[in-house]
Structures are given as C-alpha cells and as structure tokens.
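*Asks:* Below, the features straight out of Swiss-Prot:
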| type | residues | note |
| --- | --- | --- |
| ACT_SITE | Cys1244 | active site, for beta-ketoacyl synthase activity |
| ACT_SITE | His1470 | active site, for beta-ketoacyl synthase activity |
| ACT_SITE | His1511 | active site, for beta-ketoacyl synthase activity |
| BINDING | 1725-1727, Ser1761, 1770-1780, 1823-1825 | acetyl-CoA binding site |
| BINDING | Asp1725, Val1726, Glu1727, Thr1824, His1825 | Mg(2+) binding site |
| COMPBIAS | 140-175 | compositional bias 'Low complexity' |
| COMPBIAS | 1658-1668 | compositional bias 'Low complexity' |
| DOMAIN | 184-262 | domain 'Carrier' |
| DOMAIN | 1058-1585 | domain 'Ketosynthase family 3 (KS3)' |
| MOD_RES | Ser222 | O-(pantetheine 4'-phosphoryl)serine |
| REGION | 120-184 | region 'Disordered' |
| REGION | 611-807 | region 'Beta-ketoacyl reductase' |
| REGION | 1649-1672 | region 'Disordered' |
Amino acid sequence: MAVRKLVPETAPVVDDAPASTSVDHKRSLAHKLLIELLSYQLALPVRWIETQNELLQWPETIQRYVEVGPRTTLVTMAKKTAARRASSQIVSASKLSTLKFLCTSDNTAEIYYEYPQESGAPVEEEGSKSDAAAPALAVSGSSRTATTAKATVTTPSSSSPETAPPAASTPSQGTPAGGSTTPDIPLSAKHVVLAMIAQKFRRAFDNIPTQKTVQELSGGKSTLQNEIMGDLAVEFGQLPDGGEYIPLDALGDALQGNFPGKPGKQMSSLITKLISRKMPGGFNQAAMQNHLEREWGFSKAHGQVVICLAITVEPESRLESADSAREFLDGLVSRYASYAGITMTPRGKGNVSADHSSAVMVDESVLNGIKREQRDYQIKELELLSKHLQLDTAADDAVLNELRASQKSLEEKLDRWASEFDDKFFSGIEAIFDARKVRQYDSWWNWAREDTMRLLSRMRPGQLPLQHLQEQGLVAQLLRRWEPSCAEIVQNFLDTGECKEPFLATAAEILRLGSDALKKSPVYRFTTPSMKPRTVISATGCVEYSEVPRENSSYIALLKQGLVAASGERVPYVHLKKKAPDQAWRYDAQSTEILLEALGTGSGAGLTFSGKTVLVTGAGPNSIGAAVVRGLLNGGAKVIVTTSRSVSSAASFFQRMYRECAARGATMAVVPFNQASKRDCESLVEYIYGAHSPVDGDLDYLVPFGAIPEKVELSKLDGASELAHRAMLVNILRILGLVYKEKEQRGLRTRPTTVIVPLSFNLGGFGGDGLYPESKIGLEALFNRYFSGNWSDYLSICGAAIGWVRGTTLSQSIRLLGEAIEHANGLDVITFSQEEMAFNILALMTPSIAETCEEGPVYADLTGGAKAIANIKDVMAAARAKFLKESSIQKALLAERAYEQRVLYGSESPRNDTSSPRPRLSTKRARLSLEFPEVPSKSDLKAHLVDLQGMVDLSRTVVVVGFSELGPWGNARTRWQMEHLTDLTPEGYIEMAWIMGLVEHFQGHLDGKPFVGWVDAQTKQPVADAEFKEKYQAHILAHAGLRFVEPDLLGGYDPSKKEFLQEIVVEEALPSFSTSKANADAFRLRLGDKVAVRRMPESDEYLVQVKRGAHFFVPKAVPFNRGVAGLLPAGWDPLRYGIPEDIVQQVDPVTLYALCCVSEALLSAGIRDPYELYRYIHVSELANCLGTGAGAQSAAQRLYKKRYLDHAVQSDILSESFLNTTAAWVNMLVFSSTGPIKTPVGACATAIESLDIGCDAIRSGRSQVALVGGYDDFREEASYEFAMMNATASSVGELAQGRLPREMSRPSTTTRGGFVESAGCGVQLIMNAELAIEMGLPIHAIIAYTQMAGDKIGRSIPAPGQGILTAARETSAGHDSALLDLAHRRKRLTDEVDAVHQWVTQQLAATRGPAGWPDRAIDEIEATALRKIKHAQHAWGNDIRCQDPSISPLKASLATWGLTIDDVQVVSMHGTSTKANDTNEADVISQQMDHLGRRPGNPLLAVCQKALTGHPKGAAGAWQLHGCMQMLQTGIVPGNRNADNIDSKLRQHRHIVYPMESMPMPQLKAAMLTSFGFGQKGGIAVVVAARHLFSAMAEDELEAYRRRVAKRQREADSAYVSGIMSKSLFKAKEVSVWGKSDASMSRMLLDPKARVGGHPENNNNNNNNSSSKRNTSIERLTRLLLPSQKPETEASPEGQQSTSLTASIQALLASQSTTRPTSTSIGVDVEAISSIPMGNAVFLERNFTRSERDHCFSSPTPQASFAGRWSAKEAVFKSLQTPSVGAGAAMAEIEIVSDGGVPKVQLHGRAKEVALAKGIRNIQASITHSGETVTAVALAESSPMC
C-alpha cells in the first residue's frame, strides 16, 4: 500500500499482487514494479523522505532493501534513517536490526542467495539454546558466514553488570588436533567499533561499557566525539546520522550490513602501528596470526578479533623478543576469552602423546661423521675464500700467538704484584688530584658584611647579653676581617637609633676598633683556657670522659712550668732542641726562649700570617691540621689544604672553616690529593708552582700532616701498612724533593720553604701500630740530609715531635687514657687539646723561628714530657684494666640494687625514685596547616607602626590573599622549610610523603583492628607521624629538588642517550619486511622507484624492500651534558589531588600543575568554594592572568615530533598547545568567570608580568579579583636549546668539578656556570583590600608596586638589560618632595574630606522634599561622596606620583605606607647563576639604591632562591614572591646554601650582602624582587608586610576582621586536611555559576549587580519590612553626614571637629525649619566622650534612667557608653523639632535602650506628648563611636498633617 500511495502509476501492479499465487507470476509482477519505480524516479521528483518513512513502518513485512545502481547511495540513506528511527524509538531497534540493505554493485551473491559450499554436520537444536548466552562480540558478520562447530560457552565471573557482553550465536566446528575446542567467531563491526573507541579513550577493551554512547564516554567533549566519528567514517564509510548518540552495541549492528569482515583502512593503520612500535623485529601480523592458530586453534577470521583488540592493551614499551610477544598474545587471549564468555585452552595443554611417537632415533657415530664432514668442508671453504681475498691467515695466527704471549707476560707481572702487595695497596695509590675540582675561597669581604649584620641583630633589646658576644669571639673575628663597608653598617646602626644601652657603647667601640684594625695586619690570637682530661665512672658503670679547667688556666704559664729533667734543670713542656757535638739533640734554652716569646705574642697581641703561603696536608675534621689551618686563616694567610675525601663531601667542612675563620686577605684552596700517590704528589707541586697557582707560585711553609691510622702487629703487616708507610714517609720526602726542584728551576733561593716535619714521641712504645714508628723515625733522617743534600738553600727543616693530643680522629680510641698518661709514673706529664697543639705549631711558623731554622734544622719537642714515659704501653694497659674493673664493680652494685628493689617493691626501681626516669617515646602528632598569617591587634600595631587610618583607598590597594606553588620541593610550605631550615619539619615530611605517593590515609580495619591514620603505600602498614623522617627522608632527598633527570618522569627521556635522526643513503638493498597495504603505498609514494612492493600470497599484507639509493632517517643517540634538573618530586600524581582521569589524559602536564596550584591557592585564601567569590563580585570582575614562558611543551612535542613520527596523538592536540589553554581549563573547571583571560608571555619574567597585569586590572577597577602567576615545564627540546645558547650549567662539566646535582645552581658565586632548569607552577590570588577585608580573607602581603620594562637597541634576545632602572627614576626636586611626608599628606586629605562633607550637607538640604529624602537622591549623593573621598585618598595616599611625577615610583609606592627606600630590607634576586645576569642584576639594584639615596651601611640582604629550586622560567617570579611573603611573615631571611664563594666582582656593590645561612630579621617591613626574562623582559615588584594595611583600619573593623579570618582558617585547615586524606583537594565544577539554563546565564551576565545567592550581608534584600528600610536609611544618612574621624595621634584644637560638625548640621536644620511639617525629620549630635562628667551623680540621675545607668556602668568603657546615649538623646530631641526649655532641662524622658545591641528610643512624659502631638509614630537612632568622639543620628517619622 505504501508504494501504491507514493507512486500511483504502480496501482495496477500492486492491486494484482495479492491475488497472485504463482511464483512465476510474482516474479513478473516484481519485474513490472521495478520498471515502474525506475521510470518514476527518472521522470518525476523523488520523494525519498516520504518513501523511507513509509517503507520503514513495516519491518515485519519488508526485510530486504535492494538498490539497483553503481553505488550504495540510496541504501546508505535508508540505513541512516533506520538508525535514527531506532535511536528515537519510533520503531523498535530489535526489529530494525533484522533489516538488510543491499546493493547490486556490492552484494550480488546475497541478492541472488548464492551460498558457499558447506561442510560438516548441521547445527544441532541445542546450539540455538546457547546462542542467548554468547556475547555480542561473537555476532556473525553477515548472512554468508560459514556454519561451523558449536563452542562451549561459559559466563565469566569477572564481567561487571556495566560491561557484561550481550549474547550472540557461535556456530560449531570440528575439534582441533590439540584437543581444545575453539569457536570460530569472525571479525564483526562490533569488534572494530569497540577496539577503535577503546584505543581512543586509552582503555582496555574490557573496560568500555558497550551500552553507552560515544557522547557519554567522551564526557561531552565535542572535539573528541568528532575525532572518533571521523575515524569510524574512515573505517566504515558512511555512518548513521547521530551515530555518537547510539549505544556501541547498536552502532556495531548498524554498521554490520556493509562490513566486509576484515579491518578497514583505519584499523589496519592502528594494527600496523602496534606492530611497528611495540612488537620485536620480524614479529609481524602473520606471525601473530600463526601463533594464535597453532597455540590456540584460532581460525584466521577469529584471530583478527584478537589482533584488533590488541591495540587497546598495547605494551608500554617495545617487547624485546618473540617469546615476549607470544606471552603478550597469550595474556590477551585469556583476557578476551573471559570477556567474550568462552573457554579456551592452549593446544600445548592438550593430548601431547602423539608428539612423542614422532621422535626419531639417530645413530651417534653417523651423526658425528656428518658433523666432521661438514666441518672439513667449512675449513676448506675458508681457505679458498682467504686465498681469493688474499688474506694471510698464517700472519694472523702469528699476531694472535704474540698477543697470547704478551697476555701471559702481563698475567705473570700481575701475579707478582698481587703476591707482593694486595688490593688495599693497589687502590690506595690511585691518583685523585684534579685541578678542575679545586675549591677556592676568597670572599672574606662578604662574610665580614654578613657577620656585621648578624652581630648587630643580636645587639637589640631582648637579644643575647653583651658578655655572650665577647665569649663567642664574635667581635674579635669581625675585627680580623674588618673592611670599610663594615664601618658603614655599624655607623648606620648607631645613626638610626635602633641601638640601646648597654649595646650602644659596644657598637661605638666596635666602630673605633674596626678603624684601628684596618691599619694593622690581621692576627691569630690564642685565648682558649687550658683544660685537662678527666675520666670517671658514672653511677651506671659507664666510663665517661670530660675536660675540666686546669688549676693554672694560663696556657703559657703552664708551658713554662715544665718538667725537671734528669740533670735537675727545669725544661718547659714545649721547647726547642739543637744537635750537640755528640750528635744528640739537647735542650737549647736560647732558642726555646724565642719559641716562648712567640707563644706569648700569640696569646697576647697575636700572630700574623698576612701574605704567607702555606700548604697543609691532613687537615680533616678533628685533626691537628684543621686547627692549624684555622689559625692560619685567622692570621690572613693564603692556604692550600688537601683532602683525600671527595671534594663534594669535604667542601662543606672547609667552606664553613673559611667562612668562620678567614681574616682580611686570607684565601684557601681545597685540593683533592692522595698523599700515598706518586702522581698526585707530582701534580700537586706542579699546580702550586704553575700558572693557576692559588699561592702566587711559591710556599713559605709546608705542613705535611697527612697520616693513615694503623692497628696491626709486626706479624700481620700487609699492603695497608706499606701504604701508610708510603704516605707518611716516602711521599713526604718526595714532595720535599719536588718542591726543591721547582724552586731551583725558578731561582727561588732567597725564600726558603720551612717544612714542619711531623714527628712523634711514639717510637714503638705503643705497640700494635704497624709501621707508624718507623715512618716517624725515618723522617728524622732529614736532620742529617739537610747537611748532606743540596737543597738546604731552598728548604728549612723544623721537626715537630707531637705529644699526646686529645680529641683527634687518630686518638679517639685512647682518649679515655689521657688522665692516666698525665699522672703516669709521677712524671707530671701534660696532654694537649687540638687547639693547644695547633698553637704550638703556629708558633713554629713565626719569622723568628723561621730564621732559626735557616741556620740549621730545629727539633721542637712538643710532647709535654710524654717522651719520658718508658713503659707507656703498660701504663695504658693498667689504666684500661682499672676502668674496666671499676666499671664492672659499679655495674654489679647497680644490678644488686635493682635486684633488691625488685624483691622489696616488685619492680626494679623504688616508687619514689626519679633519679633515672625512663625515656618516653614522642607521641606528638603533626599538625597540617595552611599557615595563615597572623593578624595583630590594634595595640600591637600602634606600638610599632604609624597610624594610616583613613589615608589609603583600600578599594585600589592590591593584596595577596592566597598563594600556592608546585615545584621540585613540593609546595610552598615544604620549599620554605628547605629554604630556611635546610630540612623538613614533621609536617613537611608528611606533606612530601603524600605528594610523592609514599603514604596514604587509611580509615577502616587493619589487621583486624579499627585504624585511622597514615599507612605506607606499598606495605599498607601504619606509619606514625614521628616515623616519617626516619622512613622516608632518604627517599625524599634522593627524588626531590635538583637531581639527575629521572627518565620515568619524562616519558623515557634519558639525557645520556639523547636521540637524533641521521639521514642515510642505502648502499645495498635491505631485507624485505611485511606491512599493510596503506603503509606499502606510503613507502612507494615517499621512496618511489627505490622501493619494491609486492603482495604476500594468501594475505592482506605486503612485502616491502628498500633498494639501493634510497635515503631515509635513522635514529641515533648521543650523550647530552645537561642531565640535572629540578623535576617535580618523583611520584607526584594529579589523580591524588582529585583531578579526574579524563582530564589528566586530555591536558598538558602544565595544566595539571596549574589546576593543583589553583585549588590549593583558594584554600590558602580560606575559600573552599570558588563560587563564593560571586557572592561579593560580578562574574565579570575576576581576571585570569596566568602566564607561561614556553607553554605546553609536552603538547607541542606531541604536535610536532610525535605527529611527524606517526605516533598516536589526540586529534585536538593543537588546542592543548596554545599558550592560553591552561588558563582556559582553569576557568572551565574552577571559576566559570566571564572576566578577561589575559595570558602574559614574559619568558623567565612571566610571573611578574602576570602580577603586573593583575594589579593594573584591580587598581583600574576593571576587576576586583585576579588570578596571577606563571608555569613552565622541563622538556628535552627546550633543555637542548638552552644548552646551545650556553645558558644552562653543564652537568658533565659540573660533575668533573666535583659538584653534586644540588650544588650546580650557584647564583652570585665565583664558579657559577649557568642555570639549572626546573619545572613547576606558582599562583597567587590577588584582590583589592576592601573586598579581602569584607570577605575575611587572610592578607599575606600588600603588592605596593609592580613594573615591567624593556631595554636598549641590540641584537641579542637573551642579553640582560637595565630597563627597570626606570623604577627609580627621580629628579632632585622629587627627592625632597613634601608629598613624601605623611603628616603633610594627611592634612591635605583631611581638608578635602571636610570639603566633601560640606558638599554632602548642601546636597541633602537641596534635595529634601516634602516626604524626606528620596532613596535615589541618597544613592546619588552617597556614591558621589564616596567617589570623591576615594579619589582624595588615592591622590594623597595610593598614588602621590599623579601629583608629582618627579618622585620615584619605588619611593612613592613605599610612601603610601609610611615607608622609605631604607625600609626595604630584602631583595629576592632573579639570580639565575649565569655570569651575565648575576653581575648585571647587582649593578641595577645598586644603581637604584644609590639614586634613591639609600643610606650607606644599610645593605639589602640578597635571597637567591634558585640555588635551591633551579630556574622554573615562567614560575620563577611567583616562587620569589612567595618567599618574600614568607620572609615578611616569619622574620627570617633564608641564606643561599650554595654561595660557597661570592664573586669578587660583586664586592663593589655595597648595598647588597649575600648571606649563606638564614638570618633572623624581626619586623621586616618590605621586600623587593627583581626578574629578568629573555626578550627584554625586566620586572620589579615591591611587597609590604600586611600589618601596614591593618594600621589603616579602624580598631573595631580590625577586630571584626580578625574574627572572620580565624573562622576561615579553621574551616580551610579542616578542608585541606580532609582533601589530603580523601584525595580531593581539587574539585572540578560540573555546572557554571549561573546553572545550566541559558536564560539564567543571560540574566547574570547582563545584570551588573547579579550575585550568587545574594550578598551575605544583604540576605534580606527582599524583605519589605519598613523598619528594616528605615534602619538602612539611618545608617546611610549617618555615613553621609559624618566626616572621617581624625586619628587620635593627630593634634587638633579641642572641640574643633565637634563644633564644626554641629554647626553644619544646625545650619541644615535651620534651613528646614521654615518649611511645612513633613513626614520625616532628622537630628544629629556629636559629643566628646570626655565631656560627660562621670563624677557628677546628679547629672547622671537627672538625665539617665536607672536601666540606662545600669547598662552603661556594666560596659567595658562606661564613659563612652554614657556619651553615646547622651548624644542620642540630643539627636532625638532635635528630630522632634520642638522648642527647647533650656540647656539645663533633664533628658531622662528620652530613654535609649539596647535591643540586641541596636539602640531603641522610648519616650516618656512631655517628650512623648510632643511626639504624639506631632504625629510621630517611630523614631530610629544610630550611635557611632570614633576615637575620642561619639556621634548620633535620629530619624523621626510621622504621618503627614492635613
């Protein structure tokens, strides 16, 4: 009927059809019908829409649609219509799924029902029953599918309800030979759809719910939907309309009709990519198919299903071998079988007995004969080939024999070496000297400045007492290194008045002594009191050692006391000997006197070593040599000190030694040196006398104190003993010979080097000390060699016999015996401390002793008499035995006492015994907090700051309310801890462990018990707060901060194998490889005739062979020397923050950084829901100014590199690479703001440019809130290009210099070599202060000033510039401008505000109508007055440069807050560690300070944050800003831990000091930060402490603000901790702030007053209560009529303000009295609080009711309360507009009562009568206290009189 209706011409045919029964007749009718339809189509307009709708209504009747034509045009249209009708449920989808759409061009066989020949048994009836349980993936591809054997089907238990596969049929087939039954399921459209969509979503095929649509799976991302549907269109051709809204199952059914049963173009490409990228060489698609067939019994068609699904679970990296690939396929088959609900068994697990039957036995002799014959043939073939190629194999044999002989000889030598020496000796002589690793220190001048500031910081009230400064030797050390800039610093300290007694005199004395010190050489002075050893047995039986003062505390007096020699002569403990005629060394009194004089000078005036050059070996920690070096540095010497440890580990010890001890002119070079190595001895001396000598090419003194401890007997001497002997004897002599040789060659005869030869009193008496005595005895031969050798003109010998020295590393094991030694045999021997022995040796290095040594060798006996102990070993053994015995007795007594107590009390200790309390384990819990800044009280502010109340327009003052960062050291808090503490706090360890995924929070049952707390992420065991440091410190330090690049964090990028592409030309044809047809065609297109392509037999794959002459790119890897970076802590995961997985997969990593930072920044501002902002501001008033230097580098890498390499890349990657995309994601997922998105790109100065843009937006009023900051990532491309510019530090070069990764960023140092890249993000939430106060948000700091600047003409983009000098631009007139005076500006502002209020009075008088003041008039007057006042505040407070541009912008911004350029105490420097930047930056800052007149001696403390964090580029300025705010809040200035030696070029900049350690600076007022970016981006910002803003607030306003902030902190801390525990710090918004409705959006965007939920303080806006409206009117009138109160600190005539205000209001009322009575009247009164006579009881009783008096007396300030009520009574009386009965009339009839804190008016007596007579029904009153005055306004409302 449908055809008859649409095509009337067919009516005869159609009408005749029902009557027909003959098949032939039906065919004839069908033929006629077809002809008529074709004729109609050709002759008349086609009505295909109606035709389709009509035909598709009868799916039960019409099941086959056949298009006659060359293409599937109409059929495609019909399929789309059918799919659309199914999705809209017009017709049942199950009915439409049975339809067939065929075309004569493609489906001839099906149209004519031509079936292929079938084999096997027919399908049994039971098979149909199992069809319903089979999965949909097994659906037949078409009606032509061959019938095969039935498979056993099981339902997988692992299938979830959401993803459980639907049913399908599985025909049966014969059982394979292996014994397993494998169903034959051909590839269907469903398989392909599932595989392609799962691959696109990066999920496994069994994780995709097929009941969902593409639209649902993509989460509404239109680009992703478009990409998927585009790929499906390439694969299948035409798709159903609205295919993205069709469930995947139905979509597969809809596409099945024309599916050819094999992968199409897109799927083939994905399979090819899987094979080429992940499979091992040679394991192609055919190999995969063969394995599936042989191992699992898959047919070719069924195997295609598994191969297609493989693209969804591809391995992370290329599989190494074919076995690995087969294992991968086996795992995939198991997973597929579970998903499809089928059971599969590998054939190898079936019946294998047949395999054994096929084994063949071969006779062994026959096999050996075959092998022998084959070998003979191969040898003959080799000989023929050698002859043909003219190769002499015999000659090769001779060479081989020679090599073997040489090898044997070497082995024999090694055997002899090993038999004579051992591995300890061999490794012990290894050379370690490397001139590149020498550390040189000469920046004593900077440490002098730092010491001066530290010393002065302790000379303030409440700091350390004066005597403590003297005891620590701080003053003496400072005077040693005094320089002119130190005098400036002290003088400034005295001039500013910060110094108070008793420190005032001390500072002045230091200044005087410093002036004297400049005229003298620095000296070493020995001031240590003499101590003696004491060993006691404690009450617990432990042997305890200590040192106590000697009776004779004078060390010099002790030495002179001496011993009585055998001759009866008293010999000092330290004395000199000379050789007697009998060749024996005798005490020499004359020379000893010279030594004692030197010692006396050293303990008095001091010894100077200025200009002397010294080499000291063996100066490790706790050594005599180290103490000697300290003394030499104190005396101003130039020292070379050697270390056998790695320089990186030893440098910190020596650097601290230099920083603490170096005097003026002192230098120190630390040299790696192995004294047991001959090569090192030679290299060291060559270095000393070479071109780069740190001691000017010669030595004055040589102190070879290097030693190796030994503890072996003669019977056990080994290689270590020989090594020690070599170091302590042989190589000392070698060094002397090398020095002599160098001096002789240079003719340095007149300057002999004095050698302090280390001798000992131990010449074998100790025993068990190896060859140590022999080494020392051998050195004594030098005394004789001096005369027999030829070097006496170049070297002088002074032998120093060292006595018993306490506390050295070598004597640690015997330090307990010191007291026994001193009393041994009654000899009265003395032992020495390290400092005492070092003093003795330093006395030997004085000019007088040196002159004595030039006359001949000198023997210095420094043994203290220990040499006289003959039986020292016995003495030591007896002492040990005594200690052991006494200790044992004491322990036995202790045990006995414990036993007694146990018997008596049942415990080991008596109940009242508290002498030895048991240690208690720490149970302190960490407290995670966002660390809100403290808000001081008004009284605290008044004590330290000027009062700025009313002086600043807070609506145009920019403050930071929240900030956050993500970098190498985690967040801002953990970075700050590392920066100023060099360690993490307990809270810091917890946060870092959480960030790195080491722990997680657990709440539930653990080991069967309820548990809430932290657990280890791997072991799931509980971790107590106190255990975090112990468990995780090593891991955190190894995987955070600056470190070697971890390839796992960068997608496999390994700098040691940096990849490049090398173009090559093929010289010989390459072996063929298989690939898809599409790839084969692509190779032919690229290589042309240089490639041969042919199809593989019985396969869809093609063989490709690259021919000779083809050229293409081959990857290669080269080592890259930038292998250190500041990556995010290993283990950081955005999912842990709560970012959805689909977002993580979609966006670039920098976007994830920003999202994490924004969420935490909001919490640090106390904002849990960002939409809360829109309760206070319009959605268009939030600006997003996040910027970046390089943008989404990972996305760019995928866009260019991976796309070029044909890797899988998301289709919308281009949008992710845009520089503004990150800011867009932040807005889409967090803010939903319609404010501007501004994306600054300022290279390394991006964050400051962003801050500048945000501040401009807020100050201009275009925005009230701004999100600012910057971000950048670390990627290999940028890293390489930075290296090409020589901007970054070479990690290879740094390692060669002995630098560890954490040391490679060294801003401002002599050895800096470029910056170290890092990655991260920094974000701040800024807003105007007025809004921040209203919302109760924490104010971290004030952004007082920001500026960006370009630079000069040039050709270099990276060149540092000086454009930001313009921030200090100022003329001489501006320097002394009166506008810089706060008092002057306050007076001018007060005048303008008074004028505004006079104008308000006039306007109110002019606009008052019969019914009072219209609301609109009040609105206009109020707005205008407020605008005028704010304009005045801005002109006289915020921006004084608008009146006088000659004032410097920096000065003007500081003057706003009552500060000067001298109040800036810290500068956070860009400090990149490049040569050019660090010197340029210091120069710019110094010029600015000089030009602005900063006081000399008031240096800025430089903070170089990049020493810790590296250089994050875009985030650099943000991290600096965070550091500045943290300094202002804590009063701590962090040091630059890597500043081991400040560049001497920076010494000229006296306005800057570079501290190495953190320095306390309480009450920091302001900080400055500078930033410089490539491309002429110079930035500067000034940050002021928030307390200066609080000083501009009224006391009640500040207190209310404090309460709001405290509440926010509690809520924010709770939300932060909860977010960490639940992994939900980030919460993506699903709905815009206005909801889902477009109409709601339009209303909000078009209404400037639209707010979310109404303003929190105006929630009753819809309340029509008249009382509420009247209250509002009174408050507004009060604000309009009251001028701003003057600060209490400003002097003004008494009563002037009150009189002026009263007069103005009286004038207004007088002008109104002539008008007729109206419905509203107003009364205003201002009273001085002090005018209320509180002592006059009569006055109080006459004018105040009893309840009023009770209320006032109960208030904290009764007088102010009485004054408020008195003023209100006066205002009410005036509002009644009745004649006064006199000034003495009582006012008790007007009663002011308090109703919940709101004043209410009650009238009595005559006052009430007057009110009733005038028709007054209601009187409202408002009372305002301010300073010393109180003001009241009353509004009386009455009915109009007729």
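Yeah, the Cβs are placed from backbone N, Cα and C, and that goes for glycine too.
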*Asks:* With DSSP helix as H/G/I and strand as E/B, how many residues of the domain 'Carrier' (184-262) fall in helix, strand and coil?
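*Replies:* Going by DSSP assignments, the domain 'Carrier' (184-262) contains 46 helix, 2 strand, 31 coil.
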*Asks:* Does DSSP give Thr1778 (acetyl-CoA binding site) helix, strand or coil?
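*Replies:* In the DSSP reduction, Thr1778 (acetyl-CoA binding site) maps to coil.
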*Asks:* Filter the recorded positions His1470, His1511, Val1726, Ser1761, Ile1823, Thr1824 down to those whose C-alpha lies within 10 angstroms of the C-alpha of Cys1244 (active site, for beta-ketoacyl synthase activity); answer none if the list is empty.
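*Replies:* Qualifying among His1470, His1511, Val1726, Ser1761, Ile1823, Thr1824: His1470, His1511.
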*Asks:* Find the one among the recorded positions Ser222, Asp1725, Ile1823 whose C-alpha lies closest to that of His1511 (active site, for beta-ketoacyl synthase activity).
*Replies:* Ser222
*Asks:* Do me a favour and check the Cα-Cα span between His1825 (Mg(2+) binding site) and Ser1775 (acetyl-CoA binding site); whole Å is fine.
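*Replies:* Cα of His1825 (Mg(2+) binding site) to Cα of Ser1775 (acetyl-CoA binding site) measures 20 Å after rounding.
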*Asks:* Compute the C-alpha separation of Asp1725 (acetyl-CoA binding site) from His1470 (active site, for beta-ketoacyl synthase activity), stating it in Å without decimals.
*Replies:* 58
*Asks:* When DSSP states are folded down to helix, strand and coil, where does Asp1725 (acetyl-CoA binding site) land?
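*Replies:* Strand, per DSSP.
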*Asks:* Which one is it: of the recorded positions Ser222, Val1726, Ser1761, whose Cα lies the shortest distance from the Cα of His1470 (active site, for beta-ketoacyl synthase activity)?
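*Replies:* Ranked by Cα distance from His1470 (active site, for beta-ketoacyl synthase activity), first place goes to Ser222.
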*Asks:* What residue among the recorded positions Cys1244, Ile1823 has the most other CB atoms lying within 10 A of its CB?
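*Replies:* Of Cys1244, Ile1823, the one with the most crowded Cβ is Cys1244.
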*Asks:* If you count other CB atoms within 10 A of each CB, which of Ser1775, Thr1778 wins among these binding-site residues?
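*Replies:* Within the set of binding-site residues, the most crowded position is Ser1775.
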*Asks:* Most Cβ neighbours within 10 Å: which of the recorded positions Ser222, Ser1761 is it?
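*Replies:* Of the recorded positions Ser222, Ser1761, the most buried by Cβ count within 10 Å is Ser1761.
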*Asks:* Starting from each candidate's C-beta and looking 10 angstroms out, tell me which of the binding-site residues Asp1725, Glu1727 has the most other C-beta atoms.
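*Replies:* Per the Cβ count, the most surrounded site is Asp1725.
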*Asks:* Whose Cβ, among the binding-site residues Val1726, Val1772, has more other Cβ atoms within 10 Å than any of the rest?
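*Replies:* Ranked by Cβ atoms within 10 Å, first place goes to Val1772.
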*Asks:* Validating a neighbour-count step here. Other CB atoms within 10 A of the CB of His1470 (active site, for beta-ketoacyl synthase activity): how many?
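*Replies:* That number is 31.
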*Asks:* How big is the gap, in Å, between the Cα of Val1726 (Mg(2+) binding site) and that of Val1772 (acetyl-CoA binding site), rounded to a whole number?
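*Replies:* Checking the Cα atoms of Val1726 (Mg(2+) binding site) and Val1772 (acetyl-CoA binding site) gives a distance of 12 Å.
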*Asks:* Calculate the per-residue pLDDT averaged over the region 'Beta-ketoacyl reductase' (611-807) and state the result as an integer.
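*Replies:* Mean pLDDT, the region 'Beta-ketoacyl reductase' (611-807): 93.
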*Asks:* For His1825 (Mg(2+) binding site), what is the secondary structure by DSSP, using just helix, strand and coil?
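*Replies:* In three-state terms, His1825 (Mg(2+) binding site) counts as strand.
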*Asks:* Nearest to Glu1727 (Mg(2+) binding site) by Cα distance: which of the recorded positions Ser222, Thr1778, Ile1823 is it?
*Replies:* Ile1823
*Asks:* Validating a neighbour-count step here. Other CB atoms within 10 A of the CB of His1511 (active site, for beta-ketoacyl synthase activity): how many?
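*Replies:* Its Cβ shell of radius 10 Å holds 29 other Cβ atoms.
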*Asks:* Including all protein chains displayed, how many Cβ atoms other than that of His1825 (Mg(2+) binding site) lie within 10 Å of its Cβ?
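*Replies:* Summing over all protein chains shown, His1825 (Mg(2+) binding site) has 19 other Cβ atoms within 10 Å.
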*Asks:* Cα-Cα, whole number of Å: Ser1775 (acetyl-CoA binding site) versus Thr1824 (Mg(2+) binding site)?
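*Replies:* Each residue's Cα considered, Ser1775 (acetyl-CoA binding site) and Thr1824 (Mg(2+) binding site) end up 17 Å apart.
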*Asks:* Return only the integer: C-alpha distance in Å from Thr1824 (Mg(2+) binding site) to Val1772 (acetyl-CoA binding site).
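*Replies:* If we compare the Cα positions of Thr1824 (Mg(2+) binding site) and Val1772 (acetyl-CoA binding site), the gap is 15 Å.
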